[in-house]
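Copied over from Swiss-Prot:
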ACT_SITE  H10  active site, tele-phosphohistidine intermediate
ACT_SITE  E88  active site, proton donor/acceptor
BINDING   9-16, 22-23, R61, 88-91, K99, 115-116, 159-160  substrate binding site
SITE      H158  site 'Transition state stabilizer'
Amino acid sequence: MSGTLVLVRHGQSEWNLKNLFTGWRDPDLTELGVEEAKAGGAALAEYGIKFDIAFTSVLVRAQRTCQMVLDAVGQSSLETICDQALNERDYGDLSGLNKDDARAKWGEEQVHIWRRSYDVPPPGGESLRDTGARVWPYYLTEILPRVLAGEKVLVAAHGNSLRSLVMVLDRLTKEQVLNLNLATGVPMVYKLKADSTVASKEVLGDMSAAH
């Protein structure tokens, strides 16, 4: 019997709003981010799911999103595991910089490569491949066994840590994942087969609103 895996990207953060590279820095949600998280929770409540466990990162924007989703589905006290393996991609020396200022310092082409290549990290930071190298093993050892045991599992995390998971779940190429944008607060509901491949996927919201 296979279970259900729900992935949710955190709501808009204060640094998303200011156009800053965030990474492992820890800004809170904006008012819009709170509304996005609540809307994602409301969509899951309407869907009718009840979770067995939740996973999130050690960063407050993901943790608050996770809690708001659980509040919305009536499971405020559900066991939640926080682990830095699910943290956002580490942007290294870019962390805290305005994206326009970074382009002025390093050049638009170089910053674009750091942001959108699969395996070229910014100085002192991680590439998307590096991010996946910590996210995927954690998924395989801690999350997937619960789903395969029939549990309903919530993962509230970040744009790039979730892209690393979606890349494998949806069987995307390196080129395809670079063009993948995940909207804040929009749940993705995966039903998995016994062999851990995807049986079905539903998006509960407008993924075209990604930023």
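From the backbone N, Cα and C atoms, a Cβ is placed for every residue, glycine too.
Feature map: annotations from Swiss-Prot on the structure.
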| residue | record | DSSP class |
| --- | --- | --- |
| R9 | substrate binding site | strand |
| W15 | substrate binding site | helix |
| G23 | substrate binding site | coil |
| E88 | active site, proton donor/acceptor | coil |
| K99 | substrate binding site | helix |
| H158 | site 'Transition state stabilizer' | coil |
Fewest other C-beta atoms within 10 angstroms, as judged across R9, H10, R89, K99, H158, which are the recorded positions: K99
Residue from H10, E88, H158 whose C-alpha is spatially nearest that of G23 (substrate binding site), among the recorded positions: E88
Alpha-carbon spacing, R9 (substrate binding site) to H158 (site 'Transition state stabilizer'), which is rounded to whole Å: 5
Close recorded positions near H158 (site 'Transition state stabilizer'), where close means Cα within 10 Å, chosen from H10, W15, K99: H10
When distances run from the Cα of H10 (active site, tele-phosphohistidine intermediate) to each of the recorded positions E88, K99, G159, the nearest one: G159
C-alpha spacing of the residue listed as 'active site, proton donor/acceptor' relative to G159 (substrate binding site), in angstrom: 7
